[in-house]
């Protein structure tokens, strides 16, 4: 049991009001970018992946900028480039001397000497280190195709089709017990696989790339009406509350896999990701998976922590299970947060895993 608990002394002080990170890639409307090889000796195999972000309210320290390559939610995604808030820069050996990010405020990734093996999906991730939870990290992606000849038939070389999603990123505010509807537009068709994730959070081993599946629909293996729409699975935490609403779009292969969550609870607040894959008959692989996020916030007036009539000790914040405050001699100290992904357990007086904690 001790391995599941985090000592209070290890918890950092609360950084202040909620700050939301929002990442946008200006070139996402095309779904992908490509570079076509040319035998012309003057040809320059250079490409830019543009990225912009906002953090509101702005933090006092600069954010960490990370460019990754690989499938969304994959713990083994390749870290291509990382510019830490401390100023330290890391470049993966495979990209040494070929990638740079000239500006932290507009963290465009510049790739030179591009080659066939650079094909894949690139993610711009921005992390506000002062907001160590789901609200502090956002990312978006572009699929990069490298065309090795002047012809189109060899591109994309793997994963024969590109998926694309577009989420309404306006924060969704809903009262406790109310209903949240998260809007998403998808390209890839209603027979593709669809997943809504929540996260990221941190696991016990320190991996902060953990995403919880809220609901998913399996892909149909070929475009045949008899096979039906696929199987929908809902996480036990959202059983009876989460559902997918499919609406066909105005164009072929466009649809709206909106997520609806009823009976909203405080533990539901966080960042939700709409994710889809291209249909299987397009020889899709996970590198084709796209995702975009929106945050859900409670629109209630949060109860105020109080030490009135309470003995000295530590108490769960009535408005946020992931925080606690201390009463000592009728004086109130805090609140301060637990480490990301943990709730405060009053009975044990420690931060604990959510499934061990009662959270209203």
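Here the Cβ of each residue, glycine as well, is placed from N, Cα and C on the backbone.
Features reported for this protein in TrEMBL:
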type   : residues : note
DOMAIN : 45-143   : domain 'Ig-like'
DOMAIN : 157-295  : domain 'Ig-like'
DOMAIN : 304-360  : domain 'Chitin-binding type-2'
SIGNAL : 1-17     : signal peptide
How do the residues of the domain 'Chitin-binding type-2' (304-360) split into helix, strand and coil according to DSSP?
3 helix, 27 strand, 27 coil
Please work out the helix, strand and coil residue numbers for the domain 'Ig-like' (45-143) from the DSSP assignment.
9 helix, 43 strand, 47 coil
